[in-house]
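Asks: The structure follows.
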Amino acid sequence: MLKRLLSKCAEGKTLTEEEAYEAMATVMDGAATDSQIASLLSMLCLRGETVDELTGFVRAMRDRMMAIDAGDDVIDTCGTGGDGAATFNISTAAAIVISSLGVKVAKHGNRAVSSKSGSADVLERLGINIQSSPDAAKEALETNGLTFLYAPLYHTAMKHAAGPRKEIGFRTVFNLIGPLANPARCKRQVVGVYSTRYAEKLAETMRRLGSEHVLFVTGRDGLDECSIATETDVVELKDGAIRRFVITPEEVGLPRGELADVQVHNPEESAALLEAVMTVTAPESAVNIVALNAGVALYAAGKTKTIADGVTMAKDAILSNAAYRQLQRLRAKEVVRDA
């Protein structure tokens, strides 16, 4: 089956949704060779993936993940990664802020692959447990309002593609579909995308898969986050409609900042800067970029009617130390201690 589908791709043809499902299922069930996986990923990268293909791939990935029953009122803040900007873990900081405001967050993430610091790396440095069972994850969500879903634990079938992905080295379709396969089956998300040219395709894919409100964001300085230093391109899926717009820091009540203020070299620096944001001892740009991204998430969650209102609410949570108190709660509940 996979040989036939590879031949079809080699002829420049695209796969149907069902063919894409079968191709990804073959990969994730361990029935494809490393050469076949590398060939598929390479051809898709050169040609570009269609919405049918993305939908089939995500369906196959979701069908093989270990899911948790988190209810309908859960949001995720996750990115494709690979933006090369070496920023601290902004989406992780935003997740802590919005969870301090009563919005449940199922943060889906991994260790660093191409970045300086993955969300798992920085949470460990902060003393927050990342490797929990589905039952423990659900309990953390109910008691703390935030749980971290460590991708390798919930997507064990991904191990079959790990070798080829590492060997070829470039971004693949897995960077795009990973954020679309949250084990909590979130219908509301903010997804950072390393290139805005993928955003409409991803939005249409999520529409087909039943998402309610998702914003795909790309800073014009290359961030897979909303940028504090320049404009951010946004593609929004809301109630079945898709629209594109641009947001600037100024229009949501924030001054423009410096990208250098949010860049780090390693997980230790990232954790230190995240904590400094929570204690309001970080550079203003760092505090504001977290407020901006948290504000977008509050809007996606339906907590506010506008992004600007969300930013105001998020910044108040930081300045009032509500976000820092939430960080301390997460440490108290899930701190990792050596035996």
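Cβ coordinates are placed from backbone N, Cα and C, and glycine is handled just like the others.
So Swiss-Prot lists the following for this protein:
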type	residues	note
BINDING	Gly79, Asn110	anthranilate 1 binding site
BINDING	Gly79, 82-83, Thr87, 89-92, 107-115, Ser119	5-phospho-alpha-D-ribose 1-diphosphate binding site
BINDING	Ser91, Glu225	Mg(2+) 1 binding site
BINDING	Arg165	anthranilate 2 binding site
BINDING	Asp224, Glu225	Mg(2+) 2 binding site
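Tell me about the surroundings of these features in the structure.
Replies: Under the DSSP three-state reduction, Gly79 (anthranilate 1 binding site) is assigned to strand.
Counting only residues at least six positions away in the same chain, the Cβ atoms of Gly118, Ala120, Asp121 sit under 8 Å from the Cβ of Arg111 (5-phospho-alpha-D-ribose 1-diphosphate binding site). Reduced to three states, the DSSP call for Arg111 (5-phospho-alpha-D-ribose 1-diphosphate binding site) is coil.
The Cβ neighbour count for Ser91 (5-phospho-alpha-D-ribose 1-diphosphate binding site), using a 10 Å radius over every protein chain in view, is 25.
Annotation for Arg165 (anthranilate 2 binding site): same-chain Cβ neighbours under 8 Å, separated by at least 6 residues, are Leu41, Thr172, Phe174. In the three-state DSSP reading, Arg165 (anthranilate 2 binding site) counts as helix.
Cβ contacts within 10 Å of Asp224 (Mg(2+) 2 binding site), excluding its own Cβ and spanning all protein chains shown: 29.
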Asks: Whole-number Å only: compute the distance from the Cα of Glu225 (Mg(2+) 1 binding site) to the Cα of Asn110 (anthranilate 1 binding site).
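Replies: Counting only the Cα atoms, the answer is 17 Å.
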Asks: Neighbour count, 10 Å Cβ-Cβ cut-off, for Asn110 (anthranilate 1 binding site): what number do you get?
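Replies: Neighbour count, Cβ to Cβ under the 10 Å cut-off: 20.
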Asks: Determine, to the nearest whole angstrom, how far the Cα atom of Asp224 (Mg(2+) 2 binding site) is from the Cα atom of His108 (5-phospho-alpha-D-ribose 1-diphosphate binding site).
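Replies: Between the Cα atoms of Asp224 (Mg(2+) 2 binding site) and His108 (5-phospho-alpha-D-ribose 1-diphosphate binding site), the distance comes to 15 Å.
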Asks: Please report the number of other Cβ atoms within 10 Å of the Cβ of His108 (5-phospho-alpha-D-ribose 1-diphosphate binding site).
Replies: 25
